[in-house]
């Protein structure tokens, strides 16, 4: 096969999106639209990728980095003019060039590969990627002769009533012979209502020159969905989410209700894991096998090893090792590292802390900037006081320690192995091995105190 090149059109402003952000950077399932396009293009291993940028060029270049080369279209004068900006990079090269829009996130590498293969098999100078649309309104129609050859591509506004009934549409994706493309682009004029240079005009120029123009009809029309506004963005997100969810289910993951399960593109999930409704799995979250993620949980760039249970909790940039559990209504914040067989109950918040194996933090507890060893029991209402108003300090709790309910651990302190902290204590000093620390006011009972109160005259108190 000859060399393959790709030009991604990403210079449009996207005014219909009604956003201050650049259109092709709008997210679909955790990645911008143009990143989806680049990922699928990379999967077909082209010899070069060139992205045409205009509005928001710096933001696009920052997002894509070195994955493509960039060419600036300083004035938006149409799709033909946009492609022509790539001539200094590709104009003299021999091979076939794919042209695709940066706001079409649903195209797959398989479809693009099939398009290249069809183009080469037909020996065409241009091949249009087409689809059979249930509602072709607004799209250009593909007109074929009785032998199936492409006669012309006619726009909606120029179609006759008979042509308007045709359901085969031009998706706006093409493969061209590279040198024929740039030669024809110089013949495109802007004699139209918009005063722009249109890429589809190249098809007529090639056909008039006696060159073959082919059309490959892809089987799945939904891949061709372009995104110009928020309605289309939601539709593309829904279709992408369905694709992602179905792939996970085929890989052995149970989704109780796929329609209400939201999984980003780069999330990985092991077999026999169960995901309940209303779950959001974001970023580069990795979930092992045999896990159970409960309703209304949110995981962001989280790592869960095998057999982890999450019940209605939030985990951000944190790790849970095998056989641990959390929730309901708890929160792992960045740099939380939870050991094997750890139990974190309800209303527990952990940040920048390491919890050793088999430790139990039952409920209503904050642990920040701390290292906890193994087999520790942390009672209800314990607070690790880690901030003095200027900087944060770290505390360490040894193996097999016992921290009584409603205790405050005022950092920096070290609590040694096998030591005890009495409930209600405020610990400001280190606790040695096998010791018990009590740091609270001694209880004093005032007998008959009620007699000093106005209630003493109330017969119910006598």
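Cβ atoms are placed via backbone N, Cα and C, with glycine included.
Site annotation (TrEMBL): acetyl-CoA is bound by 386, 387, 405, 440, and the candidate from 362, 373, 423 recorded at this site is 423. Within the set of binding-site residues 9, 102, 228, 333, 377, the entry lying nearest in space to residue 440 (acetyl-CoA binding site) is 377 (CA atoms). A count of other CB atoms within 10 A of each Cβ picks out 386 as the most crowded of the binding-site residues 228, 377, 386. Away from its own ends, the region 'Linker' (231-251) comes close to residues 17, 26, 28-29, 33, 36, 105-106, 222, 225, 258, 261-265, 267, 269, 271 of its chain (Cβ-Cβ under 8 Å, at least six residues beyond either end). Listed binding-site residues: 103, 155. The one with the lowest count of other Cβ atoms within 10 Å of its Cβ is 155.
Every protein chain considered, the tally of other Cβ atoms within 10 Å of the Cβ of residue 363 (active site, proton acceptor) stands at 17. DSSP labels the residues of the region 'Linker' (231-251) in these numbers: 20 helix, 0 strand, 1 coil. Maximum C-alpha to C-alpha distance over the listed acetyl-CoA-binding residues 386, 387, 405, 423, 440 is 22 Å.
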